[in-house]
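The structure under discussion appears below in the form of structure tokens.
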Amino acid sequence: MEGGVHPGTDVSAFRDCFSLAWKNPYVLRLAFSAGIGGLLFGYDTGVISGALLYIRDDFKSVDRKTVLQESIVSMAVAGAIIGAAIGGWLNDRYGRRSSILIADFLFFIGAVVMASAPGPTLLIIGRVFVGLGVGMASMTSPLYISEASPAKIRGALVSTNGFLITGGQFLSYLINLAFTKAPGTWRWMLGVAGLPALVQFILMMLLPESPRWLFRKGREEEAKAILRKIYPADEVESEIVALKESVETELEQKGSSTDKISITKLLKTKTVRRGLIAGVGLQVFQQFVGINTVMYYSPTIVQLAGFASNQTALLLSLVTSGLNALGSIVSIYFIDRSGRKKLLLISLFGVVISLGLLSAVFHETTSHSPMVSLQETSRFSNGTYICPDYGGAGNGGGWDCMKCLKASSPDCGFCASATDKLLPGACLISNDTVKDKCQDQSRLWYTRGCPSKYGWLALIGLALYIIFFSPGMGTVPWIVNSEIYPLRFRGLCGGIAATANWISNLIVAQSFLSLTEAIGTSWTFLIFGLFSVVALIFVVVCVPETKGLPIEEVEKMLETRGLHFRFWEKNRSSSTSQGKEQSA
């Protein structure tokens, strides 16, 4: 299952990647210009977590309906499904560069629509536009970078796209914090995304098309000119020969036009089928281990852990987002040293441990919340603001904070004790008047989670989750999908994998809040933990190692590979030894 490694790849790839800054800045210019699509991807998926807190304050219909909150978050994901599906076809038909330009246009339109939305309906429409751009950028940016990168440092350069995704998410939290006191709050948060879209559009207009796509379309001279700018003089000719042989092999097969490709043909082609199993599986599991519940709902999770303030929730979420960006830098360093597969397995092992900790912490948080005191409740206008369900329960014996927050006729909130938030507090009607009266007495007001002495453990669990997820499952699925498919099928298969990612993303994003309400936060994280265990087994069995392989050799590796569970063994660099290992 392991692929051969070019001598020195694992030792010097990271150093070589950054030495390009002065040796060949053209390659970095290509990578970072295309990577702005990743920045937009990260920003638009991350910004909604903080903006949602203020959208709920402005639109009471959103605050009252969980379905509306989930729709505002997940409609961008629904748009991304369509964008990824269309993006695969656009990539093969019109090229990688053209697809990025179209994505930028969609990003810009979506940002303007959201910033000016007078109500939830237009806001959701703007999120769909942004989602279309996100879907196209999510599979096009890493593909463009992969096809414009020397094999030795391809993993590190594609990882820069992952870094820019997480950097975009981190930036979104900074922007959220910057605009918490500004008039319009969430409008600024959502509208700022139009600026990097405009910048990337201008930069991409000045850059060439992918050389491999040009070669595929018979524009050989253009492709060779670009390859000579990318590769050192002593390597460029061998790369051109390998690429030419790859294209000629395709032309000898059944039809050469992507228009004639069908799903049946893809599945009947052994190399494509094996690639799709690995690529699509990784994209699905990336979402089903729960990452975007953390990125979309991080402030909400922090509040569920017992931190009441919007600003505090955003600030603490900034820490997890920063760790996510830091993890992407770790990925850039290790991806071409340790390999894709080993990084995935270490990542998933840590994710399983982290989710187990989160599940245990939230179980304790919900089962040991502060009690409700009739005396404390009666302090507020002599009981005028008392929660109707609590008032109708006689003396209210046995009521705690969690039971108070679950009351729904109307919604109720918990006003913590002024002396110690863990002591019995008041169960009151949830509205702005009552919230202000509670906070005027130097008390904390809770509507989404209860005070807890275990809240800090939840933050540690979230931090550990991000630390383990980001370097492996955060970036490797996109890298593998950018290099595992034969050239002729690369755009279409990449689109299929990205679509699978966004469908899985939609399922998770649309169900998370409903799941936490139905079965509790603890059981929800436990379910994600079980998916992580299954993902661990899947990686061991189905995912090949592509470290150091030129893109044209990946197809040969998939053609002959057998199951190889001993992933920790070093690969032999010679192609002869590689063939023996693969057929064993």
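Glycine residues also receive a Cβ, built from the backbone N, Cα and C atoms like all the rest.
Taken straight from TrEMBL:
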{"type": "TRANSMEM", "residues": "30-55", "note": "transmembrane segment"}
{"type": "DOMAIN", "residues": "30-547", "note": "domain 'Major facilitator superfamily (MFS) profile'"}
{"type": "TRANSMEM", "residues": "67-89", "note": "transmembrane segment"}
{"type": "TRANSMEM", "residues": "101-118", "note": "transmembrane segment"}
{"type": "TRANSMEM", "residues": "124-145", "note": "transmembrane segment"}
{"type": "TRANSMEM", "residues": "157-179", "note": "transmembrane segment"}
{"type": "TRANSMEM", "residues": "185-207", "note": "transmembrane segment"}
{"type": "TRANSMEM", "residues": "275-298", "note": "transmembrane segment"}
{"type": "TRANSMEM", "residues": "313-336", "note": "transmembrane segment"}
{"type": "TRANSMEM", "residues": "343-362", "note": "transmembrane segment"}
{"type": "TRANSMEM", "residues": "454-480", "note": "transmembrane segment"}
{"type": "TRANSMEM", "residues": "492-513", "note": "transmembrane segment"}
{"type": "TRANSMEM", "residues": "525-543", "note": "transmembrane segment"}
Proximity verdict for the transmembrane segment (185-207) and the transmembrane segment (30-55), three or more C-beta pairs under 8 Å: yes
Go through 67-89, 101-118, 313-336, 343-362 and flag the stretch with the largest number of C-beta pairs under 8 Å relative to the transmembrane segment (454-480). 343-362
Does the transmembrane segment (30-55) make contact with the transmembrane segment (525-543) through 3 or more Cβ pairs under 8 Å, each pair 6 or more apart in sequence? no
Is the transmembrane segment (67-89) in contact with the transmembrane segment (343-362), using at least 3 Cβ pairs under 8 Å (sequence separation of 6 or more) as the test? no
Selected stretch (most C-beta pairs under 8 A with the transmembrane segment (157-179)) from 101-118, 275-298, 313-336: 313-336
In the same chain, which residue numbers or ranges, 6 or more beyond the ends of the transmembrane segment (124-145), come under 8 angstroms Cβ to Cβ? 30-31, 34-35, 37-38, 40-41, 44-45, 48, 71-72, 75-88, 90-91, 96-97, 99-100, 102-107, 109-115, 117, 157-158, 160-161, 190, 193, 197, 210, 478-479, 481-482, 490-491, 494-495, 497-499, 501-502
Which sequence-distant residues neighbour the transmembrane segment (525-543)? Criterion: at least 6 residues beyond either end, Cβ under 8 Å. 1, 277-278, 281-282, 285, 288-290, 293, 340-341, 344-345, 348-349, 351-352, 355-356, 358-359, 362, 473, 480, 515, 563, 565, 567
Highest-contact recorded stretch vs the transmembrane segment (492-513), from 67-89, 101-118, 275-298, 313-336, CB pairs under 8 Å: 67-89
Residue numbers, six or more beyond the limits of the transmembrane segment (67-89), whose CB comes under 8 Å of its CB atoms: 44-45, 48, 52, 55-56, 61, 99, 103, 106, 120, 123-124, 127-140, 296-297, 491-496, 498-499, 501-503, 505-506, 509-514
Sequence-distant contacts of the transmembrane segment (101-118), meaning Cβ under 8 Å and at least 6 residues beyond its ends, amount to 37, 40, 44, 83, 87, 90, 125-134, 136-137, 140, 187-188, 190-194, 197-198, 200-201, 204-205
